[in-house]
Amino acid sequence: MDDEDWDTEITDNRGGGALPAFQPNFQKSGSLPVRANETSSVFGRSVKPAGVDGKQNGEEKPTGGFGNRRSFGNRGASGNRFEERNPGFGRGMIDGGDTYRGRRGSIRGGRGGHGLFTSNDYEMQDGGQQSSFFGSKRGGFGASSGDAENRGRRFRGRGGYKGINEEVIGGAGKSLWKSDGDGEGGDFAGPKVTYIPPPPPDSEDDIFAHYQTGINFDKYDNILVEVSGLDRPAAIMTFEEAGLCQTLIKNIARAGYSKLTPVQKHSIPIVLAGRDLMACAQTGSGKTAAFLIPILAQMMQDGVSATQFKEQQEPECIIVAPTRELVNQIFLESRKFAYGTCIRPVVVYGGTQTNHSVRQIQQGCNILCATPGRLLDILGREKIGLSKLRYLVLDEADRMLDMGFGPDMKKLISNPGMPPKDERQTLMFSATFPEEIQRLAGEFLKIEYLFVVVGQVGGACSDVQQTILQVSQYDKRDKLVEILQGIGDKRTMVFVETKKKADFFATLLCQEKIKTTSIHGDREQREREEALHDFRSGRCPVLVATSVAARGLDIENVQHVINVDLPSSVDDYVHRIGRTGRCGNIGKAVSFFDPATDSGIAQPLIKVLADAQQEVPSWLEEIACGSCPVGFSNPRRNMFASVDSRKAFQSKENQHSGGFLASNTSPADESWD
DNA sequence: AAAAAAT
């Protein structure tokens, strides 16, 4: 290969020195069965070290300025936050001497103060008052100061936090919110404080932290792959065939990747060939690396803007995803691959200080990982320009294009600076992709894009053992406690339908002495990240979540998913249970099915179960038969769409016209296959 | 009903 040495002078992109030597250590990469279309292909190409100037990146760590740190509760949560602080509701929150949570907080309209009990703070502060959620009484959101304590510790981390530690742990959290002159906001007269995220851990071990592939990893090779479109590049079988530079090879190995998954085998050469791509592959099968690796490789070859402070930065790559935590996860993954190169990834999302996002970007930005709202905000402030944009990635693409995010995506694509689709590469990845959304996606993609499907579009991962239990809503709490007590300390994600119920169940489980935390959109950003950290670390083996955590999150050792409430869309179900059974590991998913509310999902659910070779309860089939699925009138996408009906579009059939989102209103009245 | 910008 002729590209082995050009990057050897490059220094650590965190501002550190030259990289220590690292020997790639590919694990046993056995010979894989090669399918007919998987002939190896060489992507070694002439490499010019353009733009690779070995410049050090700017320092990523915030340098103080932590005065002003409360997430702004949007979506009306702020509107009623103080009104609901009636006696008897959330009173348990006011413990530990009026901690910051009780004081600043009730940020979620008085809810959300459920305890997250730590090992050393394990008693209900409100005397163990039992809640009766289903009886429509909303009491007993007892709280513990436990996570407040830990939170203060964790988010301190570096310089600039000194002196706060004692105050928080002492429970006098309000001092935390007093301005001591180091903040840029310092507006403590008002209730608005914006959270500044902690600097990401950046020791090399932290950066490359990963978990092991599971016993079923090799079974990925048995899954059928369908690639449609013209002039399909051949798949590659090994990382070596991708013709990557040495630094990237090292980073890939160090990040724990040794064997390609099917979606990677096909997507990497497609992206390297400069093609647009829509790719569907099961949850946990390596989609993120499937786009990051080839993008990084291309950027290394073509060169990127030097890392230096500029008022406006012009990233070569923008990656969007539907939740803040997912965007952060993608960022952390991109940081692995970019380590020791001149490519600087940056992450920005809401619930944090916009100024912090801006500063991060201004220090240099080649890959921008962002949630849509903050991205548009930053674009509007002209802190990023799009003239150098060459890669636009929509992770969880179906979600990014549906009713919720579609308008934001349209704004992004319509930005005057956005290169037309023929001058950029647009990549979309998801485990699910309803047909009508595929159709919308065509607006973003070149006519001749390629469509990769691993297995079935919208299919569940077969490494997840799925169980459906008929449980009425009134029995859910007892059943949940029973199951969790049987599970023991194994990591479990519990999904519910509403934020309120997330709080309720988290509180309930804490009362049952099960170490639980929760994540949902009405929690402060810092609380969300704290919850995720406590779950990841095992400190809280149970995470109660809304669908905010349904997609993309890659958490080690999640062995169980419990759907206390089934989602209304079967695609959401597929994503939720996909939090377990990742990367060749196995997992279990148990779902409570209440015929009173869930009959609409019975039929598509049966399809998903059957396609994943799971047992289908006879009672469920009876319910499905009874719930006549005649309606395509149901506004909810996917309600009755069978997995089988979703087929890959042939690329020449993608030349549909029609305005973006306008076509959303017209159902599948055209034949797409 | 969840989520995505702040204000």
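Placed from the backbone N, Cα and C atoms, the Cβ positions cover glycine too.
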Stated TrEMBL location of region 'Disordered', expressed as one of A:512-538, A:647-673: A:647-673
Motif 'Q motif' according to TrEMBL, located in which of A:237-265, A:295-323, A:382-410, A:469-497: A:237-265
For the motif 'Q motif' (A:237-265), residues assigned helix / strand / coil by DSSP: 17 helix, 0 strand, 12 coil
Counts by DSSP class (helix H/G/I, strand E/B, coil) across the domain 'Helicase C-terminal' (A:479-624): 70 helix, 26 strand, 50 coil
